[in-house]
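J.: After the structure tokens below, expect a handful of questions from me.
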Amino acid sequence: MNFFGSLRAAAGSSARICSRDPGPSRLALSCVAGPSKLAYYAAGRAVATRRTFYSSTVADYTPTAAIRLPRWVNARLGNARDQDSDDAQSPTDQSAQSGARLDAPEDGQSAPPASAPPSTPPSSSSSGSSSSGDGSDSSDAPPPPPPPETPPLPQTSISKQSVPESYPQVLALPIARRPLFPGFYKAVVVRNPAVVAAIKEMMRRGQPYLGAFLLKDENADSDIIADINSVHPVGVFAQITSVFTAQGSKEGEEEGLTAVLYPHRRIRITDLVKGGTTASVQPVETAQADASAAEAEGQLPTPPPEREGSPMNLQTSFLENYAVSVVNVENLATQPYNKDDQYIRAFMSEIVSVFKDIAQLNPLFRDQIANFSMNQVASNVFDEPDKLADFAAAVSTGEPNELQDVLESLAVNDRLRKALLVLKKELINAQLQSKLARDVDSKIAKRQREYYLMEQLKGIKKELGMESDGKDKLIEKFKERAAALKMPEAVRKVFDEELNKLQHLEPAASEANVTRNYLEWLTQIPWGQHSPENYSISHAQKVLDEDHYGLKDVKDRILEFLAVGKLRGTVEGKIICLVGPPGVGKTSIGKSIAHALNRQFFRFSVGGLTDVAEIKGHRRTYVGALPGKIIQALKRVGTENPLVLIDEVDKIGRGHNGDPASALLEMLDPEQNTAFLDHYMDVPVDLSRVLFVCTANMLDTIPAPLLDRMEVLEVSGYVSEEKAQIASRYLGPQAKEASGLKDADVELDPAAVDVLIKYYCRESGVRNLKKHIDKIYRKAALKIVQELGEEVFPEPTPAPAPEAAAAADAVKADVEESSETTRTVEKQDAPPETPGAPETSTPHFDAKEDSERVVTTVERKPMKVPESVHVKITPENLKDYVGPPIYQKDRLYVHPPPAGVSTGLGYLGNGSGAVMPIEALSTPGKGNLQLTGKLGEVIRESAQIALSWVKSHAYELGITKTPDEQFITDRDIHVHMPEGSIGKEGPSAGTAILSAFVSLFTKTKISPDIAMTGEISLVGMVLPVGGLKEKILAAHRAGIKTIIAPAGNRQDIEANVPESVKTGIRFVYVEDVKEVLHEVFRGEPIAERWKDTLSL
């Protein structure tokens, strides 16, 4: 084959290097073929330098006379060895003096070739009967003269001792993990002391032959065969070419033996003569001593006692003394075959082809194949198909069972087929390894090429002055930023230290990234940069009136704030807190203040915030650390004097990460925020020039220390007139434009707005009113489109890509002509529901045409409503747009109610007031008081106080005839407040409940035009309450003519309630409940009696 010929030629030089003696009898290369070559070399390196890789020295062993006795295994040399028996003493003495070498040649004698099958026991060269064909014709040095006691055997340079053809009984050595194949060396390690001693004895006797069999258990590792079923029956007959003694951990202690085996042929176990677990007849030391004594006398050692079981041959009888395994074997011959058989030739051709493929992928395979090809005597590999199959299995790394199948195959074609299968798997593995290696190499090469080119590009740009180094450019950028800022001295020192650190760090270091981010933040805080402020009162008044209607108190306080700033030149140290119900415009007021002052605006909400790090920032040691919100605000606005609006300050949470409300104390305290310390920045930041505006719905949930640092401005709800003005000035035009009806003739009648405010939107704020106005205009837009139809408002057809591109160019001139404006994406719709019946099933669309959806970048143009369309929303058709009214009537009793009913004024949770009737009823019972209507604890206590006062003043009120008379001892009192689903709480219903009790017990009716509010004490005093503006607004809406209020609320009512609301209402301010009763029952007969008994 040309393939093997080329490999043989390529390996010629290495063959000459490996061979010590290229004599005429050298038949093969002195190198190890097969996968055991590396292990063989490693074992050889473990030996002292004075030894060769195929030899070993074993001290204290002397050859015995038995070595020179006739060998039945080699009949040709029997006569010569009989002649040596008389002269055994002299070589023995010589060997004893110099130390026995197991297989090393004499001085000046060449080593036996390692590649050629050794046919002579290696230890025979140390005796006088040894004759080596290689040594007699060596060209390196003349052979030494033979000992005079032992005349050399008559041999020629081409004659050699042969391996015994029949060896029926051998020492059995189990092999782990992979079997041995004939013709290929294998180094094995023997650790069992008995087996080690037996092998040394075999080498000393000149019988270095054993049987090697593969263990069935891959995980087992043993040197003896206890059970014949633990190994595969087919193995190899191997010769021990050399042994190496391995030293243990302690000095002088032997750990084991490394033996290099050369398999000659296949054998099969027929019988286990002696198991490894069989006890020895006598200790090994005793047996060796006896044998040495016998040899000294020139006699054979005493045969061992008889053993049960199969008898052992005379040549292996010495193994009785060792706990080793001995088996009877038979040779296995390869079945006859025809070299010219087409299947065999095809198999061999394919194996050679696979060899060629693997050799191209794996250099180690190439060396092994070259060694094999040079070991073959025949010039054509097709003459040795059985050896080719063994070689294919020997060099592969297949499974042990697969390799054992190749070993057990006696038919050449079957052996070739199995070897080819193993070799194919090896090729697939080599191809995969090669592919992985190529992928890795390509990636590495690509990265190396990119790195090399980038470095070259950097060098070229640096030489041309086009670009400096990345780190230098970054440092230069930081220096330019810092030069434009007025950093404080402490901050400048930290900046210089961090910049110096960055200069000495590699860009790829993690610390460099942290330092760079820190310098980014440090140089983006606007140190010393502020926006010029506008303290013009007229400008601020104009801005506030444009953005908000009403809110006179809030606007006046803001103008005062600006006036002080105008005189002082600064507004430092002011933290404003706007408190009011939802929808009254607290956030928009903050925006108006920023607009009026010409300040940057930043808003963030702290509602539900539970992490202190959101306020104070994270430590730089954490991954992804960021500064707090206020530092982010300064970076965003770019000035150090913005207006920061903190929303929902009354809803701050508290979690395991700390209390954010406490963290706000440092930020909002004018005495501390001049040196606010953020955890991330770790340098003091001056926040004194920042104007903080906070918003809240109530003050109860704001921590007292935080509330103490803020100036509270209450933003109360709007009255009906204010809501109407807000709707006409702001909400209506905004909703009309948002609905696409900006230029259309769609009018919302002011009367409809009044109805909307009274019967749909009674809240203090205007957020719900805005929702209803938006709904009105949306409904109007829907009616216009439905009535005019698709003819007036046609749906534009999708334009082709070129037309769409042209349209896009018309809308946006900087879009390139070649840009794509339309494309398709995969359609993503909600999955259809499973139909309940065939008639309700969704229509089926073709999957091909419904699988994609066209997307475009062209914006759709709005459509113009025709001028002929006129829409007007009036109170009559308002129901068609917003549905039926939510509030049916303002008060429950239009006509005079029965005795026991009074009218109170309440404040609802949504920020609006309400007229609340209170009903009292007497039933037979035991004097109990029952309260219903979802009343809270405070209002229940007010009812108890009112009833107790009435009981204590029953005689003065005319309820009893004598002061000592008891009443309602047999009656139960039931108090109810209608609209039971609405929770009611607070003390302001005390006067109304007391009036209802007096009306019930005196059987006197109360006018429904009288409403009252106020808390009562147990002795009858009337205390002030809150929410008067909303309550009076509700009374005004309900048509109440007289309101009885605490005298303590007189100033509040006169100052804060608009005159438009107070018009038509008579206010009566009282300090005692007697005044309340005289006013409520004025003109009634019972009131005439009270002039004497219940005087004021």
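Backbone N, Cα and C define each Cβ position, glycine as well.
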J.: Of 287-312, 859-884, which range does TrEMBL call region 'Disordered'?
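T.: That would be 287-312, per the region 'Disordered' entry in TrEMBL.
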J.: For the recorded positions PRO581, GLY583, LYS586, THR587, SER988, which one has the sparsest Cβ surroundings, going by other Cβ atoms within 10 Å?
T.: THR587
J.: Please report the number of other Cβ atoms within 10 Å of the Cβ of LYS1031 (active site).
T.: 30
J.: For a quick check of understanding: among the binding-site residues GLY580, PRO582, VAL584, GLY585, which residue's Cβ has the most other Cβ atoms within 10 Å?
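T.: Answer by Cβ density within 10 Å: VAL584.
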J.: Please report the distance from the Cα of LYS586 (ATP binding site) to the Cα of SER988 (active site), rounded to the nearest angstrom.
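T.: If we compare the Cα positions of LYS586 (ATP binding site) and SER988 (active site), the gap is 27 Å.
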J.: Other than GLY580, PRO581, PRO582, GLY583, VAL584, GLY585, LYS586, THR587 themselves, what residues in this chain have Cβ atoms within 8 Å of the centroid of the ATP site's Cβ atoms?
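T.: Along the chain, the qualifying residues are LEU578, THR695, ASN697, VAL715, SER764, GLY765, ARG767.
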J.: If you measure SER988 (active site) to LYS1031 (active site) at Cα, how many Å is it?
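T.: Just about 11 Å between their Cα atoms.
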J.: About how far apart, in whole Å, are the alpha carbons (Cα) of THR587 (ATP binding site) and LYS1031 (active site)?
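T.: On Cα coordinates alone, these residues lie 25 Å apart.
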